[in-house]
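Report on one structure; see the data block that follows.
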Amino acid sequence: MALGAQNAHVIRSGLLGKDVLNTSLTCFLCDFLLMVFGVFLLGELTIINIYVNITICILSIVFLLCYSVNAFIQAYKSKAAYETRDHQLLMRDPIWKTILTTLAVTLLNPHVYLDTVIIVGDYASSLSMTDKYFFISGALFSSFCWFFALGYLSFYLKNYLNNMKIWQILNIVIGIFMIFIAINIGIYLMKIIA
């Protein structure tokens with residue numbers, strides 16, 4: 001799995017110690033719905049509309065580059081971001097706010113649709129119905145393990161990673177990953193256009 005905006009959100013919630021269960025569960029449930037849609041509905045289509053694919057790719061690139069710029073800004077303003085983080089640690093968000101924020105990071109991110117619906121659905125389109133059930137079971141199990149491991153590992157490591165320099169490095173790494181993913185989507189976009 002690639003470290004995208006959704007995964008960065010889960011890591012941040014773990015490092016902040018803020019509602020890791022609901023954040024991880026919301027991400028998993030979104031993956032569940034999108035993968036089931038991709039495997040059983042979209043995967044049945046013989047040809048995915050190229051214009052939809054191109055649009056999702058372009059939106060994904062724009063979203064990821066904006067997310068990357070934001071991560072670099074946070075790294076540059078690391079002292080202010082770290083102090084904000086300290087303030088956030090004292091505040092406990094209501095569950096609905098955690099869920100809505102996670103839904104926004106997940107569902108407003110076109111990269112999620114590219115991964116869970118188009119790529120997973122396209123791969124599953126060549127499978128028999130029985131194999132699709134095995135495939136979706138494995139994909140969903142992996143997704144469940146991934147989000148909960150990512151969230152709780154971040155949560156348990158927060159005391160070791162609780163300094164300004166680590167947050168600065170984390171934001172730089174997230175920014176670089178977002179650019180890397182955007183470039184890969186751009187390469188994929190060039191292949192489908194050609």
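Even glycines carry a Cβ here, placed using N, Cα and C.
Keep in mind that TrEMBL annotations are predicted by a computer and have not been checked by a curator.
Going by TrEMBL, these are the annotated features:
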| type | residues | note |
| --- | --- | --- |
| TRANSMEM | 20-42 | transmembrane segment |
| TRANSMEM | 48-73 | transmembrane segment |
| TRANSMEM | 94-113 | transmembrane segment |
| TRANSMEM | 133-157 | transmembrane segment |
| TRANSMEM | 169-190 | transmembrane segment |
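It is 20-42 that, among the stretches 20-42, 48-73, 169-190, forms the most Cβ pairs under 8 Å with the transmembrane segment (94-113). When each of 20-42, 133-157, 169-190 is checked for Cβ pairs under 8 Å to the transmembrane segment (48-73), 169-190 comes out on top.
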